[in-house]
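As given in TrEMBL:
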type     : residues : note
REGION   : 1-50     : region 'Disordered'
COMPBIAS : 24-38    : compositional bias 'Polar residues'
REGION   : 90-129   : region 'Disordered'
COMPBIAS : 93-110   : compositional bias 'Low complexity'
COMPBIAS : 115-129  : compositional bias 'Polar residues'
REGION   : 211-362  : region 'Disordered'
COMPBIAS : 233-245  : compositional bias 'Low complexity'
COMPBIAS : 262-278  : compositional bias 'Low complexity'
DOMAIN   : 457-495  : domain 'Zinc finger Sec23/Sec24-type'
DOMAIN   : 534-778  : domain 'Sec23/Sec24 trunk'
DOMAIN   : 783-866  : domain 'Sec23/Sec24 beta-sandwich'
DOMAIN   : 879-978  : domain 'Sec23/Sec24 helical'
DOMAIN   : 998-1070 : domain 'Gelsolin-like'
Amino acid sequence: MNVNQSAPPVPPFGQPQPVYQGYHQSSYGGQPGSTAPTTPYGAYNGPVPGYQQTSPPDYFKIKSLGIPGWFSGSVPKVISQSFSFCPLPSGVSRAPPSSEAPPASTAQAPCGQASYGQFGQGDVQNGPSSTVQMQRFPGSQPFGSVPLAPVVSQPTVLQPYGPPPTSAQVTAQLAGMQISGAVAPALPPVGLGYGSPASLASASGSFPNPGLYGSYPQGQAPPLSQAQGHLGAQPPQRSAPPQASTFTSPASGGPRMPSMTGPFLPGQGFGGPSLSQPNHVSSPPPQALPPGTQMTGPPGPPPPMHSSQQPGYQLQQNGSFGPARGPQPNYGSPYPGAPTFGSQPGPPQPLPPKRLDPDAIPSPIQVIEDDRNNRGSEPFVTGVRGQVPPLVTTNFLVKDQGNASPRYIRCTSYNIPCTSDMAKQAQVPLAAVIKPLARLPPEEASPYVVDHGESGPLRCNRCKAYMCPFMQFIEGGRRFQCCFCSCINDVPPQYFQHLDHTGKRVDAYDRPELSLGSYEFLATVDYCKNNKFPSPPAFIFMIDVSYNAIRSGLVRLLCEELKSLLDFLPREGGTEESAIRVGFVTYNKVLHFYNVKSSLAQPQMMVVSDVADMFVPLLDGFLVNVSESRAVITSLLDQIPEMFADTRETETVFAPVIQAGMEALKAAECAGKLFLFHTSLPIAEAPGKLKNRDDRKLINTDKEKTLFQPQTGAYQTLAKECVAQGCCVDLFLFPNQYVDVATLSVVPQLTGGSVYKYACFQVENDQERFLSDLRRDVQKVVGFDAVMRVRTSTGIRAVDFFGAFYMSNTTDVELAGLDGDKTVTVEFKHDDRLNEESGALLQCALLYTSCAGQRRLRIHNLALNCCTQLADLYRNCETDTLINYMAKFAYRGVLNSPVKTVRDTLITQCAQILACYRKNCASPSSAGQLILPECMKLLPVYLNCVLKSDVLQPGAEVTTDDRAYVRQLVTSMDVAETNVFFYPRLLPLTKSPIESATEPPAVRASEERLSNGDIYLLENGLNLFLWVGASVQQGVVQSLFNVSSFSQITSGLSVLPVLDNPLSKKVRGLIDSLRAQRSRYMKLIVVKQEDKLEMLFKHFLVEDKSLSGGASYVDFLCHMHKEIRQLLS
């Protein structure tokens, strides 16, 4: 629990809780229905003010965790540069669970007792009890219970700590400390500011005990012998400056209430400061414990024992659904005679243990902020080999001095192991995420276009690599040695130039291909199909005019928009108008083609009803120049909604529509793009007919993979034909029910196109999002009929590819279309030993047709270092790129393997990566420490987000179509998009000054960080939520929503009123700014605290335990540590 925040109010005990329509409730405590779920656990009461504290000796007594081999037993000590936790040495045996007091954050309720506080009142219980030994269970399922051995206290030996300068090592306890002894100064009863200064600054989060990975009962620390008075047992000094990865002691410096004893008083429901207080701000923090003091338990009654039926509890992530809180600070005592929920008589127990401070574990927000501060001000100069670029979340300028900008290529590691054995040992995937046509900020120049005339670009005769800055000129400039295959080639006479005293050509800086990492060549006719230059591409708009499309208002809206949008087709450079021609088709069970030739007074319609044998009934007049046929096109777009206004046709076809568009492009001998607007499952008799196969019962079975596979092979065959013709397909879906996205998205996926989905489309709610996406999609620059090849220097080769494309062989990535948002991810493997001196080289060459019909080659080059020491590999990794690769690897894996297997594979690989670092790179230390490399300290939190994503662990409300949609979307995302998609940004809006023009600093994605006196924006690249706390100031409500109170705000509102005040302008400006950064329009949803929509919002608070069973960040870190320990032992 964040002791400095206010919790949301809860309904009184026994009353029904709000339920979000369409969301099954079975995950929330195991009970269906709309009332609060039952659970056998009580909740954390909050600390009791006024506990006495006295001075401890220089050791602490630490309570046993209940897991053999977990904690080293020393109280955390700040270790300079590497991140670590302290679990026990293996072999420590355990006492029966009944001998322990429950932690302060838990209490028992009789079985069947209704719980209350559904909307996340802090640290509450959920799920089965958890004094269990962690075993390796499938990642997608909860871990079961195992009996424990009795506890025996034994001394622990002080381990030397001497971490390498490259890692950030922190000794932390993954559980609380139980402290006994004398008394310390009383804590202030109001405000509850009892975290360390570091935790006050950034709001200490809760320590949710393993929900999914149930092996950390209570967050308790291990036993220590009385003789352990070594330095590690000193309480850390509160005055030490907080570091991103330094553990400064568990946050909850104050004692805890021993047991929960009763339901809420009327109106009671909050611990912490009054509701109007901002988050993280409270009364002053407590004084540090002086060395040599100990804390004693309260003078009140002893904590309850565990009941025999319930040998332990799990802490539940704040925001999950479980019991309500007990009496809070500022309330004198529990109800007289109130039950203590399962408490059994027993011997007095010591004070329950402290909890882990989530601020002590690596924070994505801190890492992002540090990188911005350290690397955001200076340009990133690409001249040095193997430089790790700034993070994708940092705004920086790039100066190309011989290596491609990180906007074009990002690697999982910039220092590659020299041998395959070393690579296998580390298990770090060697991959590059390549975005060949990435858009650059205005301050950076687009790649130069080089024209070598009829001779074309200079290449190596053997491997066909293109001339680049790494080629070595020899023999006075008459020959060059290829940097990829070492072949020696003659320099053509027209390309000859003398060398200077360093062996460099004197014209090197005059030629982009000799001095820059990225550039373009104009291609000769040899690079064109059939040895003739291509025609300009065409756009064909194919509009579903079935009953659903007409009734929803989609057709009328689309036709109105196209009238103006056609003036903004993409164009080359400074040309006045686009060279792209356009055509129009409408369809339901049959297809209607339109002749819009400029010489006609009115458009002509031609109907093709034989959908089994599709052909294009007209050539002349189907694809036209917009400016020439403007009047006829406008007339057609006016007529289409009227022509089909009374239709009763509900059935549609799909495959014949794509076939028709492709045949039209083939007849016109050009490449192009089809824009399909489709509403329903294609059940009409025709090729590609589909049936409804939606079956949620397949989830978590071996047949679940069939939900992601296409129903029929017809679409893959069709996609192959489209790629051969250079026909790219963009699909806009408007489903009211299941449409089998997994099958319909096959052609867009294989042709390099995009899929957009607007479920239950309503013009008034979804118009802005759809039109914005459509405008951006039509206007963006696209390369057509493209082929991409990645060449590497000797020693490594490209072996695997991920993205939206087709491959007919093992080397060429074929793309009917490629835009500036799409990436191709390439994995490399060793086929020989690499050399540390020469490093490794990549060259990505993309051959494509521009929007003006010009054939071009875009080249990107990147040089990487090679290493013989694993430490160098780990020092030069980039976690964001690693997660991008691992997510794509997993999302492809679900096509052929059970989801559970895919999840386990990810967990195992992550554990192997971190175990290898621990074994080979970290300095010797206690086995109980979790040590993470500095560059990879966020790997566990990000990987947990991937594991909890809708594709790998869907909640009850996630549809099969949603999962298929997200799966294909992530496949071609770039690193910045996956970063914010898996770990959303949460921005508090009322903390920063209104006049500040900068974005407010983000907070961690956890309910712990929400203050009910504040307003937050959450974005993940696809969704945008505005969360409004129940106690937000009335003036703020008035300024933003133009209503006088919180209760009058419309939940689910998607547009903020335009008001003339600084706050309204700032928030609307911030929303516009966030939308401009993303490739898709994010629809705003206003969510009120305690409203039914809040469940949807909480789904994106990824550090918390998820409703579908995903572990919280802290739990997953515990689980990863267990996996690493098993590998090391």
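Here the Cβ of each residue, glycine as well, is placed from N, Cα and C on the backbone.
The recorded stretches the domain 'Sec23/Sec24 trunk' (534-778) and the domain 'Zinc finger Sec23/Sec24-type' (457-495) do not share 3+ CB pairs below 8 A when only pairs 6 or more apart in sequence are counted, and are therefore not in contact. The stretch in 457-495, 879-978, 998-1070 that contributes the largest number of Cβ pairs under 8 Å to the domain 'Sec23/Sec24 beta-sandwich' (783-866) is 457-495.
Same-chain neighbours of the domain 'Zinc finger Sec23/Sec24-type' (457-495): 402, 450, 503-505, 508, 513-517, 521, 523, 791-794, 841, 843, 845, 857, 859, 861, 863, counting only residues six or more beyond its ends whose CB sits under 8 Å from a CB of the stretch. Across the range of the domain 'Sec23/Sec24 beta-sandwich' (783-866), the DSSP-based residue counts are 0 helix, 55 strand, 29 coil. In the predicted structure, the domain 'Sec23/Sec24 helical' (879-978) carries a mean pLDDT of 94.
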